[in-house]
Amino acid sequence: MRARQTLRDAFSSYKHMAPREYVCIGDEEDNLDLFQNDTGQGTANPSWKLSLPHILVATLSSFLFGYHLGVVNEPLESISLDLGFSGNTIAEGLVVSMCLGGAFIGSLFSGWIADGLGRRRAFQLSALPMVIGASVSATSTSLEGMLLGRFLVGSGMGLGPSVASLYVTEVSPSFVRGTYGSFIQIATCLGLMGALFIGIPVKEIVGWWRVCFWVSAVPAVMLAIGMEFCAESPHWLYKQGRYAEAEAALERILGGSHVKPAIAELAKSDRGDGADPVKYSELLYGRHFRVIFIGSTLYALQQLSGINAVFYFSSTVFKGAGVPSDLANACIGVVNLSGSIIAMILMDRLGRKVLLLGSFFGMAVAMGLQVLAASSIVQGLGALYLSVGGMLLFVLTFALGAGPVPGLLLPEILPGRIRAKAMSVCLSVHWVVNFFVGLLFLKLLNQLGAQILYSIFATVCLMAVIFVKRNVVETKGKSLQEIEITLLPPA
């Protein structure tokens, strides 16, 4: 009994220390481990149910991201007729891609907003232009109004998903962080499928395309309101010196018995970070260059693999097989969602690196099937079925790793001090490459032919396998502080 009372007194003293004094406890890891083992605390994982509601609200931003990517696909013809630019392919292309320009701008500032205002307020700020932009698009009577609405929506799209990756990583318990990270990809898939479903009546009901935009305002409002009831990121609160609030947030998402070791981990990672603002020079060279390089390259390889080309032009391939475009899009959506669910199940079992390696290799094989289908070796129905099968396999393997893993892996490997701003830099690379792939794909397809272009995509996927093998570290089950120590060289 006396031993137990001594331990309780020790924990009581520990709890009432000034936050900076936790560093001393963090230095004496043997003592902390002894406390945890003797009391039974720290040996069991926290309940995943505590953090789940916060994660679900955050992933509304990813649902909106997917919805706005797909919202104009079905209604584009009706929009062009009503607004008077039917047959103008440049104008139609701008309506589709204007949100990418807004997303690039939003992603550039996402790190500064997330660090300056906090993760919760950044979510709410991302919802604002998506509500306004959707309203402008829904009530537009001209091409200019539609483009303005799409740009505003895009700025929210660029801000929301990057903050979602940060928030999910910083709020999730380490043993389910991979599973929760997969929710982002699943929410994006559901958003794409939701846009397809809402757009089905567009050819039968006059003006239905306006309803498609109005509908998107509902989840945006839900995101803004829901964030009022969610916990702020403990990592951000601790970095701001709001230690009591950080403890309260940890208690909400982990449970009271896990607060002390979590605070000790934050204290250890906080040593030497300093309070100076992060400069671009720290991100582009020096001790942080390696993790920025890994993150930016992963996003570039993700886009150069040809995934957007497949999404954009899958309807053409299916149409050649006699499959209607709406059914084709549904097939792609179901396969994408199925792969994302499988990835969610495997993320914390197999690990991030294994899924990335298998995903990129599978995508290379799928592109190889496309190359074979485009050659003279296979003809007729055989070539058609090979092309359709290769496309579905490509989407499935993408959803297993190359789709969900980078958005989860980057916040894990980026040090806490630079995490938000570094994410904005990496995602800016994503949007730039995305834009140019969409811009140049048709031109390259006409000049090079399908066989050569798909061969290039397959080669990029194989290069990605080599890059992941050499540069990516496994983060499964590790705390953010352990990952930071592994990757970051001494100052």
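Using the three backbone atoms N, Cα and C, a Cβ is placed for every residue, glycine included.
Per TrEMBL, the features are:
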type	residues	note
TRANSMEM	50-70	transmembrane segment
DOMAIN	54-476	domain 'Major facilitator superfamily (MFS) profile'
TRANSMEM	90-110	transmembrane segment
TRANSMEM	122-141	transmembrane segment
TRANSMEM	147-168	transmembrane segment
TRANSMEM	180-202	transmembrane segment
TRANSMEM	208-230	transmembrane segment
TRANSMEM	291-315	transmembrane segment
TRANSMEM	327-347	transmembrane segment
TRANSMEM	354-378	transmembrane segment
TRANSMEM	384-410	transmembrane segment
TRANSMEM	422-442	transmembrane segment
TRANSMEM	448-468	transmembrane segment
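For the transmembrane segment (448-468), the list of distant contacts is 297-298, 301-302, 304-306, 309, 353, 356-357, 360-361, 363-364, 367-368, 370-371, 374-375, 402, 441: same-chain residues at least six beyond its ends, Cβ to Cβ under 8 Å. Here the transmembrane segment (208-230) sits apart from the transmembrane segment (327-347); fewer than 3 CB pairs are under 8 Å, leaving out pairs fewer than 6 apart in sequence. Of the recorded ranges 147-168, 327-347, 354-378, 384-410, 422-442, the transmembrane segment (291-315) has the largest number of C-beta contacts under 8 angstroms with 422-442. Away from its own ends, the transmembrane segment (147-168) comes close to residues 54-55, 58-59, 61-62, 64-65, 68-69, 72, 94-95, 98-111, 113-114, 119, 122-123, 125-130, 132-138, 140, 177, 180-181, 183-184, 188, 213, 216, 220, 223, 233, 407-408, 410-411, 419-420, 423-424, 427, 431 of its chain (Cβ-Cβ under 8 Å, at least six residues beyond either end).
Within the same chain, the transmembrane segment (122-141) packs against the transmembrane segment (50-70): three or more Cβ pairs sit under 8 Å, each pair at least 6 residues apart. The highest tally of CB pairs under 8 A with the transmembrane segment (50-70), across 90-110, 180-202, 327-347, 384-410, 422-442, is held by 180-202.
Counting Cβ pairs under 8 Å to the transmembrane segment (384-410), the top-ranked stretch among 90-110, 180-202, 327-347, 422-442 is 327-347. Note: the stretches the transmembrane segment (90-110) and the transmembrane segment (422-442) are in contact (3+ CB pairs below 8 A, sequence gap of 6 or more).
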